[in-house]
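TrEMBL annotations:
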BINDING   11, 15, 60, 200  S-adenosyl-L-methionine binding site
């Protein structure tokens, strides 16, 4: 199996453990890769590593994620040095109590900071030291995840440099997912007939408490509207893959125009020794047997 490149961003819900199995389902007959929900970027990075497509257009509604990758690509020396200074300050503190104080002060600075360069630096640090790599905002649009009791932050600048070189061919955007796709169609004139769209949207909440949580951003994501938008691009000829946790709601939403594939079944074929606890599924609008 190919060694998976880890994302430089610690992120809950990362697809790292599934990547080798997921990538074999990508429609590489297409030449253009489109990803509306970048998240940690781990799927993008390994798609780039394997040279699967010629053009890349990726998006995330969180501008700090996008700015992080842009600065890594376009201003590596200054940006990595800024991160390194923050890491050295944190690691020099002698107790977890002092590190906790440092974390909460950094979190406050992040919520007040307006400069994109500084926000991207603070964002990376917070994701390394917060609880479980969770990105969550409160009703006041402030990042509010508690300290994760991280003893030491590890920064590997060599790995960052590799990522910097990988992403320099990527077109980055920070928009609402539907606005992003519309922008590519109207302003960039992207050929969706020759595009593969990979989507890892917010999962459909299963409990009342989950529905009441404000995770990731303050924005409310409308699953039905987004699925209808995908249908439009599928009708124009785009190949589409949507990652989801297996739920009745997800199956009901996507079953009409998409084939459901159990990632567990793909894992058994590609890597029989791997065990997976979650019921991860994918919805495809193309025949998986015709992609290679």
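The backbone N, Cα and C atoms fix where each Cβ goes, glycine too.
Feature annotations (TrEMBL) mapped to structure.
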| residue | record | CB count, 10 Å |
| --- | --- | --- |
| 11 | S-adenosyl-L-methionine binding site | 19 |
| 15 | S-adenosyl-L-methionine binding site | 22 |
| 60 | S-adenosyl-L-methionine binding site | 25 |
| 200 | S-adenosyl-L-methionine binding site | 22 |
DSSP three-state assignment (helix, strand or coil) for residue 15 (S-adenosyl-L-methionine binding site):
coil
Over all pairs within 11, 15, 60, 200, the annotated S-adenosyl-L-methionine binders, what is the largest Cα to Cα distance, rounded to whole Å?
16
